[in-house]
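Working notes, structure below.
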Amino acid sequence: MESFPLRSMTGRGHGDYSHLESHDNPRQVSENVHERLINDQDDAPLFSDQSRGLSAHSGNSSPFIPITEEEARRTTNLPELNFRPTGLKTWYLSILMLWQFLCMGSVVALIALGETRPPWFRFGSRSSFWMWLYMPGLIGFLTTVSWRGTVQWYNRIIPYVRMANIPTSYSQQAGDRPPRNLLNVSLNGNPSGTLNLGHIRSLLGSGDYLSAMVNLTILGTWLLTPLKSGLFQLVEDGRGWQIHVSKVFGYLGVAIYLWLLLTTFWVFHHLRSRRTGLKWNPAPLASQLCLLQGSNIFNSFEGVDCSRASSLEHAVKEWPENGLVLRLGYWKQEETNIITHGVRFLARNRGFGSEQPTQRHARGSSDGVELDACRTDIDRIWNISLFDSYISSTTIMGLILLGFASYAWATGRIFQPFGLTTMALHPLERGIIFSLLPSFAYGLFHSTFLSSDVYMRTMMPIQNMASPLPGEDRHRIFGPAHESLKGATAGNSMLLDYLSPNAVGCIAQAIEFGHYKVILGVVLATLSNSVYLVVARIFDFGETEKYHYVYVNVKTFYASFGIMIIYCLSNWVLRPRGPIRTCRPAYGLVDFASLIYRSEILLCPEFWLQDSADTEDHMKAQVTLANRLYQYGIYHGIDAQDHVGIGVEYAPPTRLLDDDSTLFLERSVNLARAALAT
């Protein structure tokens, strides 16, 4: 296991930064603004002078109560909470269903015509049947790519939908039972090409049958393009070329299209009657921090061993059983009438007049857990397709196949037809042996490419936080004489979004930032299924009255040989490297919260956007204007303990992380905006 040294990121112990304390330094001005804010407000102090605390409730502040979106909009004209990405919009899902229906009907028609009109599938030369031969596989490829985008967005958005549709009224809660359809697992890694049976069982057990069905469609999309590519078999019989239509492959294709169509309709119907609870795109880390700032959930992460994949998942599943339900929406503080938008614990089985205690005690010594979690040799790569053992196995398999292919090429065997055994005379057996099996060999690589694509696009902001600060940014922020340090500006970290753009936009953005591993991952993941169009056509067939034989399509063989070389090399280029391997993948909101739950980043006011006129552009402007440096590593938290996660250089003065912090954030933002306005 590689050892990745993680450094403290609070400025403590990093040398002399005294030049930053001069009166001409903008950061000193920022600190003076915060000091002035505190001194110039009401006589009652905003924050206690006692030492740092861990309580989610200070004892004097008024609690937050949930209010419906309708009530919030009547009171202060706040925005609608129903952001949907393109892949889940009504018009897009309607077009997707129409496409799936037409594809299903086309396969049915091809099966029928293959039985009733065989002469239609006879051709005098090879050039006249290319469209027939490759069109089914191409359509299967387009279907897979479009559906994969929908599944990825569904898994990214559905946790927010679940949290946003929790009943706010105590009388509407289901007695002592927690809601059955709470989504307690991060699904964003699932559409990367690996089927997590543990997640499927969890979804079925919690009653979230729609999410289980959506993620089970991975099985169908695995098979769709290889099946469609093997739907037609090319046979030379002395009179020309005949295309045989495989009925079994066709029936399987129809079943998969019907499965996708019914699932898409279910998603369409489900989202029509539910709001997402979101103002804007939640993919950037900054957007997720906006939802978490001022929340009362962070003490529940105490004592959770985040060095293991399942510990946090099990802890989150216990929250509803203990009366703590995550809700996304509008909240009102009774004493100040401040209305906020975000994620908080909704009190179940108790009145709404008091905050729920969130300190964890049942998991032993949290100090011991944290000490173990801060070790620098913990590998948090939990996707089997990204394991070194899996990458090594597929690479060895690829090299063996290349070796056999090289021998056949060198000895001229690829230019000589060979006879078929009795077992492989039937078109179904021929399709399985000479079409599906070669496709599955390449498909083992695709699992790694798809997983790496989702992982790299998710983790690139954190990868930048663990990398040296570019010289241009270092000179701009600290001056040319400053020593090198690790970290990233907002544009390269908290605001960086590789998840929302389509493949073309993602590649263009990666070229601008020089993230070439992202480019390679996007290209291989997007085009992976198109390889089946080539691989499934390596072998063609010939028939005479007494003899059946197979010969190699030489051009297709050369292309497949080159693709396998690229795959073996790309396997290791896309392997996650460096300190990022020690970071818990931030696939979901809870995963991200585990990286910041004691970080001073929670006190940065630029992430506080609660005004009715605030938009995503305001968020980007505020976060950029704050000009902070974000770092991944071991940070010194507001509890005076070390944690592995995301921290910030030059954070606001450390204060209690309690309900009063919302008042501090509110006044800080108002003061800054007033200064800009004047």
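Each Cβ is built from the backbone N, Cα and C atoms, and glycine gets one as well.
Features reported for this protein in TrEMBL:
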- 13-28: compositional bias 'Basic and acidic residues' (COMPBIAS)
- 49-63: compositional bias 'Polar residues' (COMPBIAS)
- 1-28: region 'Disordered' (REGION)
- 49-69: region 'Disordered' (REGION)
- 91-114: transmembrane segment (TRANSMEM)
- 129-147: transmembrane segment (TRANSMEM)
- 209-228: transmembrane segment (TRANSMEM)
- 248-268: transmembrane segment (TRANSMEM)
- 390-410: transmembrane segment (TRANSMEM)
- 430-450: transmembrane segment (TRANSMEM)
- 518-536: transmembrane segment (TRANSMEM)
- 556-574: transmembrane segment (TRANSMEM)
So which residues does the transmembrane segment (91-114) touch in its own chain, when a touch means Cβ under 8 Å and the partner is 6 or more beyond its ends?
120-121, 136, 139, 143, 146-147, 150, 228, 231, 244-245, 247, 250-251, 253-254, 257-258, 260-261, 264-265, 267-268, 271
To the transmembrane segment (390-410), which of 129-147, 248-268, 430-450, 556-574 is linked by the most Cβ pairs under 8 Å?
556-574
Beyond the flanks of the transmembrane segment (556-574) by 6 or more, those residues with Cβ under 8 Å of it
391, 394-395, 398-399, 401-402, 405, 409, 414, 438, 442, 445, 448-449, 452, 456, 517, 520-521, 524, 531, 534-535, 537-538
Spatial neighbours of the transmembrane segment (129-147) not adjacent in sequence (6+ beyond its ends, CB under 8 Å) are 96, 99-100, 103, 106-107, 110, 121, 123, 217, 221, 224-225, 227-229, 231-232, 234, 241, 243, 253, 257, 260, 526, 529-530, 532-533, 536-537
